[in-house]
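Below: one structure, written as structure tokens.
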Amino acid sequence: MSKSLLWDDLEYPIQPWIRSAVDVMGFENMTPVQAATIPLFARNKDVVVDSVTGSGKTVSFVIPIFEKIVQEEANTTKMKKGHFHSLIVSPTKELAKQIHSVFESFLEHYPENLYPIRSQLLVGTNVKTVRDDVSDFMENKPQILIGTPGRILDFLKIPSVKTSMCSMVILDEADRLLDVSFLKDMENIMNILPKQRRTGLFSATITSAGDNIFKTGLRNPVKVTVNSKSQAPSSLKIDCAVVETDKKLEQVISIINNYKFKKCIAYFPTCHSVTYFYSFMQYLLKKGIIKEEIQIYSLHGKLQTSARIKTLETFTETISNAVLLTTDVAARGIDIPDVDLVLQLDPPTDPEVFLHRCGRTGRANKLGKAITFLTPGREEDYIPFMEVKNINLEEISLDIVNLPDNFYEIFKDWLLEDRARLDQAVKSYVAYIKTYSKHAASSIFRLQSFDYVGLAKFYGLIRLPKMPEITKYFKEDKENARTFGEGWLIDPPINMDKFGYLDKKKEDRRLADLKNLKSIHDKKKLKSELKKKNMSWSNNTQSKEEKVERRTKMALKRKRIEEELSKEADENSSGDDEQNRDWKQVILQNKKSKNSNNGMQGSFDDL
């Protein structure tokens with residue numbers, strides 16, 4: 001790109017306070033995407049921006065929005081009550097909050113003597129309702145709204161909220177907003193907003209949105225693409241390692257114990273997995289198996305909004321040796337400073353998310369490393385699969401260092417302390433398999449070649465759960481069926497009736513349920529025995545006599561038929577053995593003849 005990256009070389013002079021803000025925030029020069037996008041958007045062009053993660057896309061729309069608001073205020077285009085100027089939509093609460101914080105960071109440098117510019121965050125929480133958001137909106141009169149699709153749609157439906165003065169709309173991580181999860185809400189939002197507006201779509205993987213981008217009301221958009229041989233920034237090194245399924249957790253712990261990093265994000269496949277492994281890793285911290293200076297946090301979509309925001313803030317503020325266990329809720333757009341290591345225990349089910357996960361490190365030209373685990377065999381085909389998408393994975397070899405040889409025994413002992421941990425492990429196991437079965441690259445990630453036993457050990461399970469996939473697996477794999485036929489992974493098996501919960505209320509409820517089930521079982525067994533016991537002697541004798549009588553009658557009938565057939569054969573015999581007929585064949589022919597007559601009778605009756 002031939003454009004100058006100096007702020008002073010922009011086609012128009014930006015506001016002095018904005019220039020001051022970018023200097024204080026450390027943006028010495030523009031990134032290529034900023035140099036291309038800011039002038040276009042400021043000149044009232046719709047834009048579709050496709051650029052690698054960490055390339056500064058957020059600032060590309062923040063500055064033009066501020067410029068337009070200041071310009072319109074200078075032209076005495078005052079914002080009426082209940083109206084707003086700009087709307088920014090993001091797929092997650094965490095990303096929305098981050099964008100809001102960027103706007104607020106710029107506003108810290110806004111002159112107090114000018115007309116006030118304000119922004120408001122619109123995300124669903126367990127504290128604030130939509131009515132609360134509307135009340136704040138009417139009182140504070142913000143020009144800029146940032147939020148998630150569901151909350152924004154509910155907000156815009158309130159009659160006191162007016163949309164006719166909205167002149168700029170941004171879809172950050174647009175490909176995610178335009179997929180099936182959010183498309184309906186986004187269409188409804190776009191229908192509420194005025195047609196005469198500027199629209200900007202921003203993402204590192206915008207091409208995956210396909211024709212859905214035309215549903216956003218774009219008018220003669222300009223596409224901004226920062227040319228690169230790879231989809232990943234040059235500061236990001238993407239590696240992969242072949243790791244046995246049951247060794248993945250040990251490998252993660254080995255890496256965070258021995259690798260020098262400030263912040264690490266470890267991606268797990270499901271919310272259940274994050275919760276489960278967070279508990280176990282806290283236990284390993286206390287045991288000294290994970291180094292004491294390491295701080296571990298958990299974040300996933302099923303946490304309450306307040307807990308998610310607090311966790312993200314704490315992780316962001318931590319200086320070093322911080323590890324965040326998370327799901328794809330933290331895969332897109334979130335810019336956490338000093339993340340220099342990303343671990344993926346499995347590739348994401350959607351290949352488009354792969355680069356977003358890796359892109360949490362190596363941002364703003366800072367060096368970063370991302371490592372993805374692949375299991376031996378078919379999953380190794382993921383490397384050439386990603387090469388087609390211009391993402392090069394370099395295969396590396398990893399060793400498990402300074403961990404106890406009896407790691408699985410430690411895991412098992414921890415699990416056996418509380419039945420609630422087993423429940424969580426089973427939920428995590430089942431959720432993992434369901435997620436794995438939905439992988440977009442289904443030719444690579446196949447349940448037919450899946451390591452069910454290895455996954456069970458990965459979760460520290462003592463017994464394989466009962467589920468259709470495992471039943472089918474054992475039918476096809478006779479060797480494992482013999483080894484794990486009863487599902488037990490430990491020897492000797494434990495008495496599940498005596499395996500209880502640490503929580504007294506849960507345990508009391510379990511014992512009551514167990515007693516009830518035992519009572520039902522005993523009643524059924526007793527009923528069956530009483531039925532046999534109470535059957536009269538005369539009935540038993542009569543039943544036996546009837547059986548003998550039936551057998552006698554059948555024997556006499558068979559003998560009579562044989563005699564008749566023998567007599568018929570003697571009368572019609574021509575001396576040729578081939579014409580002698582077996583009496584069984586005669587009976588069969590008689591039956592066929594009888595059936596044929598019955599069929600004929602039926603057809604006549606239908607006339």
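In case you wondered, yes, glycine gets a Cβ from its N, Cα and C as well.
Of the candidate ranges 44-47, 172-175, 508-511, 520-523, Swiss-Prot annotates residues 172-175 with the feature motif 'DEAD box'. Here Swiss-Prot gives motif 'Q motif' for one range in the set 7-35, 94-122, 384-412: that range is 7-35. Here Lys57 (ATP binding site) comes close to Val33, Thr37, Val49, Ser51, Asp172, Phe202: these same-chain residues lie at least six apart in sequence, with C-beta atoms under 8 angstroms from its C-beta.
Sequence-distant contacts of the motif 'Q motif' (7-35), counting only residues of its own chain at least 6 positions beyond either end whose CB sits under 8 Å from a CB of the stretch, comprise 1, 42, 49, 51, 55-57, 59-60, 63, 66-67, 70, 105-106, 108-111, 224, 226. Under DSSP, Lys57 (ATP binding site) is assigned to a helix (H, G or I) in the three-state scheme. Shown in sequence order, Thr31, Val33, Ala204, Pro233, Arg363 are the same-chain residues outside Ser51, Val52, Thr53, Gly54, Ser55, Gly56, Lys57, Thr58 whose Cβ sits within 8 Å of the Cβ centre of the ATP site. Proximity of Thr53 (ATP binding site) to non-local residues of its own chain (separation of 6 or more, Cβ distance below 8 Å) is seen for Ala204, Ala232, Pro233, Leu236, Leu355, His356, Cys358, Gly359, Arg360, Arg363, given in sequence order.
Look at the compositional bias 'Basic and acidic residues' (543-552): DSSP puts its residues at 10 helix, 0 strand, 0 coil. Within the same chain, the residues at least 6 positions away from Gly56 (ATP binding site) whose Cβ sits under 8 Å from its Cβ are Phe27, Met30, Thr31, Val33, Gln34, Ala364, listed in sequence order.
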